[in-house]
Amino acid sequence: MINIRKSHPLMKIVNNAFIDLPTPPNISSWWNFGSLLGICLVLQILTGLFLAMHYTSDTMTAFSSVTHICRDVNYGWIIRYMHANGASMFFICLYMHVGRGLYYGSYTFLETWNIGVILLFTVMATAFMGYVLPWGQMSFWGATVITNLLSAIPYIGTNLVEWIWGGFSVDKATLTRFFAFHFILPFIIAALALVHLLFLHETGSNNPTGISSDTDKIPFHPYYTIKDILGALLLILALMLLVLFAPDLLGDPDNYTPANPLNTPPHIKPEWYFLFAYAILRSIPNKLGGVLALILTILMPILMPLLHASKQRSMMFRPLSQCLFWILVADLLTLTWIGGQPVEHPYIIIGQLASIMYFLLILVLMPMAGSIENNLLKW
């Protein structure tokens, strides 16, 4: 009797990816975030689909259509807040997932890592366009400020911005195209995630030691399926606590005011998950310089494989690198805090120092620490 799980063309793919997949026996809870990201993506696509059924992408009716969803549609309020806070959970999982990759040296799987970086950019673009759709004050001014950064590009900048806007300012054309892109991109993300998984399964998972685990593997099911289910339950618990008790905790009160091109909010800022990059952008007094710093900030993960100087893959046995890694985490949290503060005395200098520290840590100190640790191994 041939097992259908191993013979059926479709079941075989599922089996090789989620059931009989040989997995390292020692991967910790830091390896849960991949499956959690998959759950977040499915949740966002489903809630987004139901929101799109009632949303209208027109400047005159967008704001009131979101209000209509919250007030008149059956369970519309919970769908809307699950979608908004689901994005926050998505980014928490994303940053944890990337942080895990940096700590344990997973970036040495080049194809998997590069597809992952592309995924990160695509999710960021999708989230930015989604934030514009409710057409509140912060939606409008956020879209204006961020798209306007492209005007810093020499020669073609202004034309490029007007092309993206579909006019001479953020208006109906901009909102319509952002809605179209926001709808299609999650499906592209889902396809990219499958490619990400495909490349990962070519090499197998990394593990906390950074040493090959080919001599000692266990099947994914039941060991890691049950572990992933626990992770999923905790994720859904956290999300629902946020949705049901503090749905507006991570949002901006300005977005409950309809978009008004004639009235600029006192502090324009993006959602919390972009604040670290926004802080670096603001800390440079020159427009083009700020834009370049912003691009460099989010390009850093791509450089990681090139900057790896250590003979060991993981940071598990590298105390100096561990120390620098946690300083980097603290630095990113500092930047996130600064990005949400007004541009005035103590915050400006803190932001500039934290920005310098970010680039210094990644480009200079961490590779140096790797080399020092290599020399210490010789003793």
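The backbone N, Cα and C atoms fix where each Cβ goes, glycine too.
Summarising the annotation, Swiss-Prot assigns transmembrane segment to 33-53 (among others).
Only residues 6 or more beyond the boundaries of the transmembrane segment (77-98), in the same chain, are considered here, and those with a CB under 8 A from a CB of the stretch are 30, 33-34, 36-37, 40-41, 43-44, 47-48, 50-51, 66, 69-71, 116, 120, 123, 127, 130, 235, 238-239, 242-244, 247, 250-251, 271-273, 301. Under the heading transmembrane segment, Swiss-Prot lists 77-98 (among others).
In three-state terms derived from DSSP, H83 (heme b b562 binding site) belongs to a helical segment. Remark: H83 (heme b b562 binding site) has Q44, T47, G48, L51 as non-local neighbours, by Cβ distance under 8 Å and separation of at least 6 in sequence. Summarising the annotation, Swiss-Prot assigns heme b b562 binding site to H83, H182 and lists similarity to another entry as the type of evidence.
There are 21 other CB atoms within 10 A of the CB of H196 (heme b b566 binding site), with all protein chains counted. Positions annotated as heme b b566 binding site by Swiss-Prot: H97, H196.
As annotated by Swiss-Prot, transmembrane segment applies to 113-133 (among others).
Tertiary proximity for the transmembrane segment (178-198) is limited to same-chain residues at least six positions away from its ends with a CB under 8 Å from its CB atoms, namely 17, 37-38, 41, 44-45, 48, 52, 55, 57, 112, 115-116, 118-119, 122-123, 125-126, 129-130, 132-133, 143. Swiss-Prot lists 178-198 (among others) with the feature transmembrane segment.
If you draw a 10 Å sphere around the CB of H201 (ubiquinone binding site), it holds 14 other CB atoms from the protein chains shown. Annotation source Swiss-Prot lists ubiquinone binding site at H201, citing similarity to another entry.
What Swiss-Prot records for 226-246 (among others) is transmembrane segment.
Taken from Swiss-Prot, the feature transmembrane segment applies to 288-308 (among others).
With a threshold of 8 Å between CB atoms, the same-chain residues lying at least 6 positions outside the transmembrane segment (320-340) that come near it are 99, 102-103, 269-270, 272, 274-280, 282-283, 310, 347, 350-351, 354-355, 357-358, 361-362, 365-366, 369-370, 372-373. Feature annotation from Swiss-Prot assigns transmembrane segment to 320-340 (among others); the stated evidence is similarity to another entry.
Per Swiss-Prot, the feature transmembrane segment maps to 347-367 (among others); the stated evidence is similarity to another entry.
H182 (heme b b562 binding site) has a Cβ environment of 21 other Cβ atoms inside 10 Å. Remark: the transmembrane segment (288-308) makes no contact with the transmembrane segment (33-53), by the rule of 3 or more CB pairs under 8 A.
Less than 8 angstroms from the CB of H97 (heme b b566 binding site) sit F33, G34, L37, G116, each of them six or more residues away in the same chain.
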